[in-house]
Each structure stands twice: as structure tokens, then as C-alpha cells.
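Peer 1: Pasting a structure here, questions to come.
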């Protein structure tokens with residue numbers, strides 16, 4: 001038996017994982033959700049045929065989207081997570097006893113239910129008492145919020161389909177209003193190498209720059225994602241992700257992490273020239 | 001017409017590139033050499049079916065294997081390159097007017113000839129007058145050298161086949177003898193994520209530690225290589241790759257690079273915990 005899951009990273013590049021078996025498949029109201037079992041990456045979750053997470057390397061994405069902002073502002077109390085129904089971002093957030101309240105806004109409840117059924121180690125903290133669940137559109141949810149959150153994490157799918165509104169100027173403006181003075185916004189910004197993805201990185205970065213005085217990107221190496229290199233955005237009203245890093249404070253917490261450490265934190269903000277050039281190039285600037 | 005080149009990154013993971021046409025194929029005395037034309041990666045060179053370089057992302061590998069040591073010791077005059085017959089490492093080295101002499105030891109002359117025929121932008125500096133060519137085995141070549149080089153770059157194929165001897169204790173001991181007091185050894189150490197590759201990273205690191213007081217690894221993100229994340233080793237008799245970085249001196253040279261910059265230099269030495277753990281784990285230590 002020779003069964004392969006293949007994702008087209010571009011129309012001319014494919015990444016394939018040998019599958020032991022498909023263990024779940026459904027068309028939810030919003031998207032197609034599948035779960036597979038594999039030797040190399042363990043169980044993995046795809047949405048509309050695109051890799052969302054694998055048991056083997058999900059720690060990289062989830063640690064980097066959470067611990068980077070938390071090590072810059074350990075005083076975070078109120079958090080908004082948009083997307084992230086699988087629970088991985090929640091799992092990392094709940095390790096901070098200082099966080100008081102987490103609003104999780106996930107448009108598709110079935111992502112949570114599927115993660116609970118098949119990824120117990122990813123979803124285990126979705127039962128944490130500090131979480132309030134909102135199964136609705138993130139763009140609409142955030143419109144009414146003002147000066148409410150210390151941290152917003154946009155843990156979205158790719159900006160094709162339901163995640164599209166989370167890559168618009170309106171959305172980042174609303175995030176800015178919803179954040180307090182010391183607020184930080186972190187989002188996933190796709191892959192910087194292939195042009196089909198990097199155009200979204202560039203668009204997100206340009207939109208965020210309109211609202212936030214501090215606007216940077218940082219990288220993490222995630223083997224199951226296109227090109228293996230992924231970019232996150234970090235925006236704030238003042239806190240600098242490198243010079244305001246509270247490294248000794250974070251290290252004193254004694255959190256055991258498998259990817260993140262405070263050296264990696266600083267290193268992840270060192271951006272290769274070709275990626276800097278994409279972000280600096282304004283020739284394709286347009287209204288979003 | 002639907003033609004794909006596929007490389008098995010592990011027995012359960014494949015990476016495929018759509019090919020316009022195969023433009024060269026031969027079995028040399030040592031290995032099978034192929035050249036393909038593709039839209040996404042431009043022309044690319046494979047050896048024994050493994051990706052060696054693509055026109056689109058070769059700059060990442062070649063800049064990182066050369067500029068990292070050169071920015072730590074700008075006084076480098078005599079260089080030994082083992083492998084690297086394609087000429088990409090040479091191209092970056094020849095940008096330094098201060099380098100006086102480069103010995104290129106490539107076991108397979110056909111790699112040079114194929115690169116000259118099909119990759120003019122990679123091989124263009126193979127005509128530089130400072131280069132002496134030695135078409136022989138690197139392991140044997142270096143045995144007789146003592147206190148001769150400021151920098152040794154091991155730009156080898158994977159440690160299966162002809163490249164195997166370059167991952168042994170004997171080889172690193174010879175490198176140590178061949179280097180001067182301020183000498184630096186840099187080598188490619190495979191991918192840290194998949195176990196089939198990271199065992200070679202670990203082996204190389206352990207061997208190098210036996211001879212060199214300073215022994216570090218650094219990373220670069222190369223989309224056409226397994227997992228997209230690649231590791232280089234940096235070993236020296238005293239120079240530290242981070243605290244001895246001569247960043248302002250290097251920046252004054254005004255070299256235009258597409259990946260490397262002195263921030264990336266420092267950042268590339270920030271190693272995620274799971275990779276640190278692989279290197280620290282001594283349970284599988286053995287004689288090489």
C-alpha cells in the first residue's frame with residue numbers, strides 16, 4: 001500500500017508525506033478538514049488540502065507565536081486569539097499563570113472538535129477556565145473592541161478562503177483600537193520565499209505599518225510548511241521586540257520549551273537581505 | 001507534458017519540482033550528474049539524485065558558507081576549498097581582494113565541467129588566477145598539510161558515497177593540523193530536522209569538538225534542501241564566530257549580498273532547543 005498526501009506549495013513544487021491512513025475527513029460549513037496518520041510527521045491536520053499542523057513539528061509554530069510576545073511583555077493579562085481552533089496557541093498561553101483572560105475567536109467550531117478528537121496533546125488546554133469561546137468571524141468580532149487587550153494573536157489559516165479578511169487594512173486598524181497602550185499584535189504571515197506567499201507577507205506588513213509605530217517580522221523553521229521557513233509579524237504601539245526583550249525575566253519562569261529560547265528570539269528577527277528587499281519594495285503597493 | 005523531479009528527503013517524505021526538460025545526464029567516474037531546467041527554481045544540478053544547487057536559491061548556501069568565516073577573520077589569505085566544484089563558493093571567495101591563494105580540491109573534475117557548461121553565473125570565477133586546482137580525494141590531499149591555511153571550507157556532497165571520508169575523525173584532525181593559529185574550519189553539516197541527516201550533523205560536531213576548542217553550528221534557510229533548514233559547522237583554534245565578528249569592518253567592504261548580513265550572521269548561531277539537545281545527547285557516541 002502506497003498512499004501519499006501531496007500539497008502543492010506552488011503550481012510547480014510539491015511536498016508529499018507517506019500516509020498510513022486517513023483517519024478523518026469532512027466538509028464543515030466553512031472548509032474541508034482532514035486528519036491523516038503518518039510515520040514521519042505523526043498525525044497531521046489539513047484544511048482545504050493545506051497543512052495546518054503535524055504532531056512532530058507543531059511545537060515550533062506554537063512556541064514562536066506565543067513566547068516571543070510574552071517575553072517582551074510578561075505583564076500580559078488579557079489575550080485575544082483569532083483562529084487557532086486547534087488549541088496549540090492556547091496550550092502555550094495557558095503556561096503563564098499571569099494571564100487572566102483569553103478570548104478565542106474561531107469561525108469554525110469543527111476545527112476545535114476535530115482537534116479535541118484527534119490531537120489531545122495540542123488541544124489539551126482548551127478546557128482552561130480562563131478561556132471564553134466565540135465561534136464567529138474574527139474581523140466582525142474585533143470591530144467593537146477598544147482598549148481591551150494586551151496581546152492579540154492572529155493564528156489564521158492562509159489568506160485564501162475564510163482567513164482572507166484577516167489580511168486587510170480594516171482588520172489591522174481594528175486590532176490597533178482593540179489593543180491597550182502596551183499592546184502587541186502577532187500574526188502568521190506565510191512564507192517569504194515563494195512569490196505566491198510572500199505577496200501576503202508584504203501586504204500584511206504594509207497594512208500593519210499604517211497603524212503601528214513598531215512593525216517587524218520574525219522567522220521560524222517549520223519543515224512541514226512551504227519552503228520550511230515561516231514568517232510572523234510583530235507590531236506594537238511602542239514595545240520593541242528585541243531591545244525590550246525581558247530575557248532574564250523570561251528565563252526565570254523556567255518554562256521548558258523545545259524550540260524557543262531567548263537567543264532564538266533575538267536571532268529570529270535577523271532578516272536576510274532578499275526578504276528585507278521584498279518588504280522595502282513599494283512598487284506593487286496598492287489599496288487593500 | 002508533466003515531468004517531475006522527485007527527491008526522497010526521507011523514505012516517507014518527498015519533494016518534487018516540475019521540470020521543463022532534462023538538459024544533461026551522465027555517469028562520471030564517481031557519481032551520476034544531472035542538470036534540469038525548471039520554472040520555480042531555474043536550472044538545477046543533482047548528484048546521485050540529490051539536490052546540489054538551484055539557480056534560484058544557491059546564493060543562500062554560498063553566501064553563508066563564505067561570508068560567515070570571512071567576517072570573523074578578514075585577514076584570511078590562504079584558503080582551502082574541499083568539494084565545491086560547481087564554483088559557487090569560489091565565486092563568493094574571490095570577492096575578497098585580500099585573499100591571495102585558493103586551493104580547490106574536487107575529486108570529480110566533471111562537476112566543474114558541467115557547472116561551467118550549464119551554470120555560468122555560479123562557475124564564472126573558476127578562472128580566477130588565485131586558484132590552484134587539485135582533482136583528487138580531499139581526505140588524502142589534506143593529510144600532508146601543516147600550518148598552511150587560514151580558512152578551510154568543506155563544501156561537500158552528502159556523506160553517502162564520495163563525500164563520506166569528509167565526515168570522519170581522521171579528516172578533522174588533518175584539518176586542524178593544516179590550519180594556522182587563527183584558522184577557521186567551516187563545513188556543511190546537513191539538515192537538523194530529519195534523523196537520517198541530523199545523525200551526520202551530530203557525528204561531524206562530535207568529531208570536530210575533539211580537535212577544536214571553539215565548535216559551533218549555524219543555520220541557513222535553503223528551500224530546495226531537505227526540511228528547508230541547513231546547518232553549517234564553524235570550528236576554530238580560538239576565534240569565536242559571534243564575539244569576534246568584525247561587523248563594522250565587514251560592512252565597510254560594501255559587498256552586496258542577497259542573504260547574508262551581519263545581523264543574520266549573529267542570528268544564524270542562535271540554535272533552537274531541540275537541535276541543541278541532539279548535539280548535547282551523547283548516548284549514541286561512537287568511534288568514527
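Numbers here mean position along the shown chain, with the first residue as 1.
Using N, Cα and C of the backbone, Cβ positions are placed for all residues, glycine too.
As listed in TrEMBL for this protein:
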DOMAIN    B:2-237  domain 'PABS'
BINDING   B:31, B:106, B:137, B:138, B:162  S-methyl-5'-thioadenosine binding site
BINDING   B:62, B:86, B:155, B:156, B:157, B:158  spermidine binding site
ACT_SITE  B:155  active site, proton acceptor
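Structural setting of the listed features?
Peer 2: Here the Cβ of residue B:31 (S-methyl-5'-thioadenosine binding site) has 20 other Cβ atoms within 10 Å, regardless of which shown protein chain they belong to. Residue B:31 (S-methyl-5'-thioadenosine binding site) falls outside any helix or strand according to DSSP and counts as coil.
Annotation note: residue B:158 (spermidine binding site) sits in a coil segment as assigned by DSSP.
Neighbour list (residue B:155 (spermidine binding site), Cβ cut-off 8 Å, at least 6 residues apart, same chain): B:65, B:81, B:82, B:83, B:84, B:88, B:89, B:187, B:188.
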Peer 1: Near residue B:138 (S-methyl-5'-thioadenosine binding site), which residues of its chain come within a Cβ-Cβ distance under 8 Å, counting only those 6 or more away in sequence?
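Peer 2: Sequence-distant Cβ neighbours: B:82, B:83, B:105, B:107, B:154, B:156, B:165, B:166, B:171.
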Peer 1: Work out the three-state DSSP category of residue B:86 (spermidine binding site).
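Peer 2: Its secondary structure by DSSP: coil.
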Peer 1: Using CB atoms and a 10 A radius, I'd like the single residue among the binding-site residues B:86, B:106, B:158 with the highest neighbour count.
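Peer 2: In terms of Cβ crowding, the pick is B:86.
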Peer 1: Between the Cα atoms of residue B:158 (spermidine binding site) and residue B:31 (S-methyl-5'-thioadenosine binding site), find the distance and write it as a whole number of Å.
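Peer 2: Their Cα atoms are separated by 12 Å.
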Peer 1: Measure from the Cβ of residue B:62 (spermidine binding site) and count the other Cβ atoms within 10 Å, all protein chains considered.
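Peer 2: Residue B:62 (spermidine binding site): 23 neighbouring Cβ atoms within 10 Å.
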Peer 1: Using only the Cα atoms of B:62, B:86, B:155, B:156, B:157, B:158, which the record gives as binding spermidine, return the largest interatomic distance in Å, rounded to a whole number.
Peer 2: 16
Peer 1: When you rank B:62, B:86, B:157 by Cα distance to residue B:31 (S-methyl-5'-thioadenosine binding site), which of the binding-site residues ends up on top as the closest?
Peer 2: B:157
Peer 1: Note the mean pLDDT of the domain 'PABS' (B:2-237), expressed as a whole number.
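Peer 2: Computed over the domain 'PABS' (B:2-237), the mean pLDDT is 96 on the 0 to 100 scale.
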